[in-house]
Amino acid sequence: MAAPGKLAFFRLPPLPTVGELIKLYNLRAEKHLSQNFLLDLRLTDKIVRQAGSLRDAHVCEVGPGPGGLTRSILNAGVSDVLVVEKDTRFIPGLKLLSEAAPGKLRIVHGDILNYRMDRGFPENVSKPWEEDPPNLHIIGNLPFSVSTHLIIKWLENIANRTGPFVYGRTRLTLTFQKEVAERLTASTSSKQRSRLSIMAQYLCTVRNCFSIPGRAFVPKPEVDVGVVHFTPLVQPQIQQPFKLVEKVVRNVFQFRRKHCHRGVEKLFPEACRVEMTQEMMQKADVDPILRPTELTIPQFRALAEAYAHFCTHEPSLLGYEFREELRLKNLARQRNKTTDTFTAKPTGTPPSSQQPC
């Protein structure tokens, strides 16, 4: 018999088999939505355990699909679950689950990328950022197609204390492709060290919990899946605006197999690239011949602070993108070729956009 207070009191319907799901609700995983269903309750229970105790917790589940993970969350003794589902085909099954758990399950038909989670929970859930995390969790078996975009969005929310983080240091337990999970948690000098490693780890304590073989999902994806847990830090390891940090990290890692100064160079317009790069590396006291994967977060902090110093003196520098400068040059070159084809003497080149230096 179930222990008192467990959701077995609500007599949840058993999880349908794959055949029953398809027959009852005419469900098929949509490839363009990167849908892969996890129907093994032992695995969904294991995912939920990675979040820690959910007793009386408020939970937002992202993309519940047929509700396998939802059942495990409900069975953990939560106060309530808010599910955000984009695919209308799953709504009837979720409503069935809601009826079996009165007052425990709220269903939102919408896209998590647009949903205002800062309005999804009562204000009394909130806790000051400097205190322990609130009893609020985000849990989800994320579609591969949106997982990276979504975690970057949430990391920016953490940096700005917006979205689900207006309530405090809300914890996240999420699935990713195994390779992405390894990148998120990769240590310095690891071959998986990447932009995602730095962006996640300067803002959060990140833990790669366990892997799930692809064969456990329906339909079977071509890759295995990793479960990752995030707890936002009280103080970010880099005290600079998120967009500035992201720009520095992104540029450094675009040449991940080369020396780190190659990526730093692309932070500056061609006219002043060499001298500004040298000055930035010296100011940050970072060895320019280190590989991006060899850089520690304190070294990225030093680079971000040095770049912020330049941006303070030349604010337009933050908006500079070397690919845009390259695009304008190629466009001017093509126009000159066209002009040369029809005239013996070029009529001039279009003015280039002004660069910060």
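Glycine is no exception: its Cβ is also placed from the backbone N, Cα and C atoms.
Going by what TrEMBL states, the S-adenosyl-L-methionine site holds Asn36, Leu38, Gly63, Glu85, Asp111, and the candidate of Asn141, Asn157, Asn160 recorded there is Asn141. Note on the binding-site residues Asn36, Asn141: the fewest other CB atoms within 10 A surround the CB of Asn36.
Listed binding-site residues: Glu85, Asp111. The one with the lowest count of other Cβ atoms within 10 Å of its Cβ is Asp111. All chains included, 23 other C-beta atoms sit within 10 angstroms of the C-beta of Gly63 (S-adenosyl-L-methionine binding site).
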